[in-house]
Amino acid sequence: MEKRYGLIGEPIEHSLSPAMHNFWFKESGVSGDYKAYSVPMQELAETVERLKAIGIHGFNVTFPHKTAIMPLLDEVSTLAETIGAVNTVVQSNGRLIGYNTDGMGFLEGLKAHFPMLATQKPSVLIIGAGGAARSVALVLAQAICSRIDICNRTFERALILSESCKKFCTSQALNFAQAEKQIDQYQIIINTTSLGLYPETDHQVIKIDGAASNTLFVDLIYRPNRTAFLNDAERLGYRVMNGLPMLVCQGALAFQKWTGVYPDTKKMEDYLIRTFLS
Ligand SMILES: NC(=O)c1ccc[n+]([C@@H]2O[C@H](COP(=O)([O-])OP(=O)(O)OC[C@H]3O[C@@H](n4cnc5c(N)ncnc54)[C@H](OP(=O)(O)O)[C@@H]3O)[C@@H](O)[C@H]2O)c1
């Protein structure tokens, strides 16, 4: 029988995950069907029980359930526990095990597009301190960074994330003015805030002129393809990357956990741009 997979969240109507995973199932010859389920918070617990009962093989978790699902699972990986969020669940012998592939997905996307940078122990500035910032910062801090600074509108959240990163590398919490003052000290600057998403597409969080000439600017947003942040960076001559490689690679890592196959991520980026994002 075809194995079942899915995504739970709300809203999920615009998610690219069903198209992505069903493409990979077809492409890899692995049998599977992936569906999106819109699940309001008050129905989360009973939905998880139901998915377990129908023998779902695995599922993704998105906004607003990434943290709320954790106590409903039988086991959570150390990385997901450190990040405080789960985006991928595997059912194994009737047990639901939670993982977080967001941060690793970011790192894989970075390695795919800028392989040298990841080996150079970069200094990184993260703008924002929400859920996505946590998953990216904690993986980069453990895996590649010599230093990772966090700046955020709500300074206390920057402090909390910076303290967590200090277990793995040097880290400082900054306000926006402090970050602008030392903008020349980073090899990678990552916007993880939701500023730049429709309808705030022309908004920018910090001033970026004065950054070192080889700095890579990254935005986790992929719709629009270029946020005001990336447009500014590109106009000033910097290298840029949007959130599509992260989206595709976090999905590829989930697909690998479910099937043992790591799919072709470059082909998927091209497919999503051609079909949904241009
Ligand atoms: N490419 C991918 O695969 C991927 C994966 C996950 C998320 N994302 C994207 O990442 C972004 C953040 O998601 P999230 O889950 O981390 O959201 P979140 O937990 O709600 O965090 C939002 C962050 O944005 C900041 N922010 C919001 N509005 C702001 C404003 N007007 N000025 C300055 N800062 C502002 C918040 O600052 P405060 O703390 O001060 O409120 C916080 O740091 C979203 O755009 C999402 O689409 C992409």
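Glycine is treated like the rest: Cβ placed from N, Cα and C.
When the candidates Asp33, Asp102, Asp270 are compared with the shikimate site entry in TrEMBL, which names Ser15, Leu16, Ser17, Thr62, Asn87, Tyr222, Gln250, the shared residue is Asp102. Record check, TrEMBL: NADP(+) site residues include Gly128, Ala129, Gly130, Gly131, Ala132, Asn152, Arg153, Thr154, Phe155, Glu156, Arg157, Gly243, and the candidate from Leu96, Leu216, Leu220, Leu272 also listed there is Leu220.
Long-range neighbours of the domain 'SDH C-terminal' (243-270) within the same chain, counting only residues 6 or more positions beyond its ends whose Cβ lies under 8 Å from a Cβ of the stretch, are 3, 5, 16-17, 20-21, 23-24, 27-28, 30, 32, 57-58, 60, 87-88, 90, 99, 101-102, 104-110, 112-113, 136, 218-222, 277.
Under DSSP, residues within the domain 'Shikimate dehydrogenase substrate binding N-terminal' (7-89) fall into helix, strand and coil as 34 helix, 17 strand, 32 coil. Neighbour counts of Cβ atoms within 10 Å were taken for the binding-site residues Gly128, Gly130, Gly243; the minimum is at Gly130. Taking Asn87 (shikimate binding site) as the reference point, the recorded positions whose C-alpha atoms are within 10 Å of its C-alpha, out of Lys66, Arg153, Phe155, are Lys66.
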